[in-house]
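Asks: There's a structure below that I have some questions on.
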Amino acid sequence: MTATLERRESFSLWERFCSWITSTENRLYIGWFGVLMIPTLLTATSCYIIAFIAAPPVDIDGIREPVAGSLMYGNNIITGAVIPSSNAIGVHFYPIWEAASLDEWLYNGGPYQLIVLHFLLGVASYMGREWELSYRLGMRPWIFVAFSAPVAAASAVFLVYPIGQGSFSDGMPLGISGTFNFMLVFQAEHNILMHPFHMAGVAGVFGGSLFSAMHGSLVTSSLIRETSEIESANYGYKFGQEEETYNIVAAHGYFGRLIFQYASFNNSRALHFFLAAWPVVGIWLTALGVSTMAFNLNGFNFNQSVVDSQGRVINTWADIINRADLGMEVMHERNAHNFPLDLASNEVLPVAVNAPAVNG
């Protein structure tokens, strides 16, 4: 009888750590991107909560007129926000150690940069983690490609736009009313509603909602009948059952008759690719549009483009939008400038649109 003795393999602490990090058996997959994602998102979240509750007012315009954004300084959930970094800081990197004191860092809006930069690192790492888990499981990589759309949109408003405009004070405030203010000022300065890429994004978001609702309702309505003709089809299945209940042929036939034949998909993979690609491409284009408007390549300008035979302007909706833009331009940063350049550089415009004289 021969006995064979084998030396038991011993794994170092590092090897066991690597195995645990990359294991797909964990309840929540961590991955190497998760090693970066977890601390950055925890930092951004904790700083955001503290700043939203207790941050002191921030000198956003750099003119020694602080703006309060936290709950402890009189705001509520709707009006509260983390105020962007001061215009006096510009696009300089402004960590805590660059300030002379913590009070100075808070006064100049340092928490905004800390939150935004950690958040962008965190969501980019989350996107990489989606790819990493797909790779480990032998899946295709399209989940992370789809998530790149909201990552691109967040990067556009929080990073690219402030860089293009020369200051983090132009970034989107981290709050509800601050987001609305950002949207109104963006329209006033860049005419985003007249930008083709924004139009594509609107089509992507609303179209994606429509297609999602249509698809979900069709799937829910298309049952494989398990009952007789005299019983309701609803008795033939239980909510959440594992067995297939969806008949794509029936759904295809219904929708093809409702609209027309070629408006319906009879291939499940093509259908779901379309459902994913439509909103993703739309949001990609919107992010690209915001990134170009960051450098003042703005939306279309059709102001005063229609004139009569005497050279008098016939106002169109473009002129109405332009007047609204000028009004918003005047209202924002009311103390940072004496007169907006958009008004100072053009000829004087009447406040109201003149109605034509009617001879009765």
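Just so it is clear, glycine is given a Cβ too, placed from its N, Cα and C backbone atoms.
Note that this is a predicted model, so its numbers are computed, not measured.
Annotation comment: Swiss-Prot describes Tyr126 as pheophytin a binding site, evidence class sequence analysis. The chlorophyll a PD1 binding site annotation in Swiss-Prot covers His198. Look at Swiss-Prot and you will find His215, Ser264, Phe265 tagged as quinone binding site, backed by sequence analysis. The feature site 'Tyrosine radical intermediate' is assigned by Swiss-Prot to Tyr161, with sequence analysis given as support. Feature annotation from Swiss-Prot assigns site 'Stabilizes free radical intermediate' to His190; the stated evidence is sequence analysis. Sequence annotations record features per position, and here Swiss-Prot assigns transmembrane segment to 29-46, 118-133, 142-156, 197-218, 274-288 based on sequence analysis.
So that I understand the layout, could you describe where these features sit and how close they are to other parts?
Replies: Within the same chain, residues at least 6 positions away in sequence whose Cβ sits under 8 Å from that of Tyr126 (pheophytin a binding site) are Phe33, Met37, Leu41, Phe147.
The Cβ neighbour count for His198 (chlorophyll a PD1 binding site), using a 10 Å radius and every protein chain shown, is 22.
In the three-state DSSP classification, His215 (quinone binding site) falls within a helix.
In three-state terms derived from DSSP, Tyr161 (site 'Tyrosine radical intermediate') belongs to a helical segment. Residues near Tyr161 (site 'Tyrosine radical intermediate') in space but far in sequence (CB under 8 A, at least 6 apart, same chain), listed by position: Asp170, Gly171, Met172, Val290, Ser291, Met293, Ala294.
Around the Cβ of His190 (site 'Stabilizes free radical intermediate'), a 10 Å sphere holds 23 further Cβ atoms from the protein chains shown. When secondary structure is read from DSSP and collapsed to three states, His190 (site 'Stabilizes free radical intermediate') falls in the helix class.
Within the same chain, residues 142, 145-146, 148-150, 152-153, 155-156, 197-198, 200-205, 207-208, 211-212, 215, 265 sit at least 6 positions outside the transmembrane segment (274-288) and bring their C-beta atoms closer than 8 Å to a C-beta of that stretch.
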Asks: Who are the chain neighbours of the transmembrane segment (29-46) in space, where the CB to CB distance is under 8 Å and they lie at least 6 residues beyond its ends?
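Replies: Beyond its ends, the transmembrane segment (29-46) has Cβ neighbours at 20-23, 114-116, 118-119, 121-123, 125-126, 128-129, 131-133, 136.
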Asks: Other than His215, Ser264, Phe265, which residues of the same chain sit close to quinone? List them in sequence order, counting a residue when its Cβ is within 8 Å of the Cβ centroid of the site.
Replies: Met214, Leu218, Ala251, His252, Phe255, Asn266, Leu271, Phe274
Asks: For Tyr126 (pheophytin a binding site), name the DSSP secondary structure in the helix/strand/coil scheme.
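Replies: The residue in question, Tyr126 (pheophytin a binding site), is helix (DSSP, three-state).
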Asks: Reduce the DSSP letter at Phe265 (quinone binding site) to three states and note it down.
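Replies: Where Phe265 (quinone binding site) sits, the three-state DSSP reduction gives coil.
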Asks: Long-range neighbours only, meaning 6 or more apart in sequence with Cβ under 8 Å: which ones does His215 (quinone binding site) have?
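Replies: For His215 (quinone binding site), the qualifying residues are Leu271, Leu275.
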Asks: Over all pairs within His215, Ser264, Phe265, the annotated quinone binders, what is the largest Cα to Cα distance, rounded to whole Å?
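Replies: Per the listed residues, the maximum Cα distance equals 11 Å.
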Asks: Taking Cα atoms as reference points, rank the recorded positions His190, Ser264, Phe265 by distance from His198 (chlorophyll a PD1 binding site) and give the first.
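Replies: When the Cα distances are compared, His190 comes out closest.
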